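Novice: Among the features that TrEMBL reports, compositional bias 'Basic and acidic residues' is placed at 10-26, 197-208. Here TrEMBL flags 28-173 as domain 'Response regulatory'. What TrEMBL records for Asp106 is 4-aspartylphosphate. The region 'Disordered' annotation in TrEMBL covers 1-27, 183-214.
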Amino acid sequence: MELNSEADEDTKKEQEQKEEEKEKQHFHVLAVDDSNIDRKLLERLLTVSSYQVTCVDSGDKALEYLGLLDIQESEISRTSSISSCSSSSSKSSEKEVSKVNLIMTDYSMPGITGYDLLKRVKRSSWKDVPVVVMSSENIPSRITIRCLEGGAEEFLLKPVKLADLRKLHSHLLNTTNIHDTIIDSDHNNNTNKRKASSPEDSDRRTRIQELPVS
């Protein structure tokens, strides 16, 4: 009986592990780091952990990917191409972007820093997506607190380890389909507006009003 109980327990754990791995495949992480070495390492760890991952090498390109760049900023950003990981395409569709469930960004980057990116994200429609800030430097505790108070879910010391990624899984559970819902809502609103202003509907109402009453 004890052997059967242990076997059932092992089988249950294997099933739970498979379900967790399958669940992770639906999570899309946007990784931002100007260091090619750190970016490749993070991509590898995320891929091994069964996450979908897109990498960019600057805060500007992260904002462009999320559709948060201003017109002037967008023109500057287009002068250089997006540096993407092999597991993602360089041009993301709206559907792909809508599935971003986590943003991981380096703190110290030229131009838009990780903290700047955090502030822009938290002021946008992406505010519910968890942001994790990373640094390889000995950052003073006040900067760590500043990022956490600014809305960051975690502040990690690089190089990031698999154990660090396991801690992030709980932050992802409440983010699935957040922006799919937003996009579906916007699509429905636009569809309703088009229906309300449709010339055919207007003509139909006019013809109904002109019908004689018996």
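Every residue gets a Cβ built from N, Cα and C, even glycine.
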Novice: Near the Cβ of Asp106 (4-aspartylphosphate), how many other Cβ atoms are there if near means within 10 Å?
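Specialist: A 10 Å sphere around the Cβ of Asp106 (4-aspartylphosphate) contains 25 other Cβ atoms.
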Novice: Using DSSP, break the domain 'Response regulatory' (28-173) down into helix, strand and coil residues and give each count.
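Specialist: Taking the domain 'Response regulatory' (28-173) as a whole: 61 helix, 26 strand, 59 coil.
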Novice: On the 0 to 100 pLDDT scale, where does the domain 'Response regulatory' (28-173) sit on average?
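Specialist: Taking every residue of the domain 'Response regulatory' (28-173) together, the mean pLDDT is 84.
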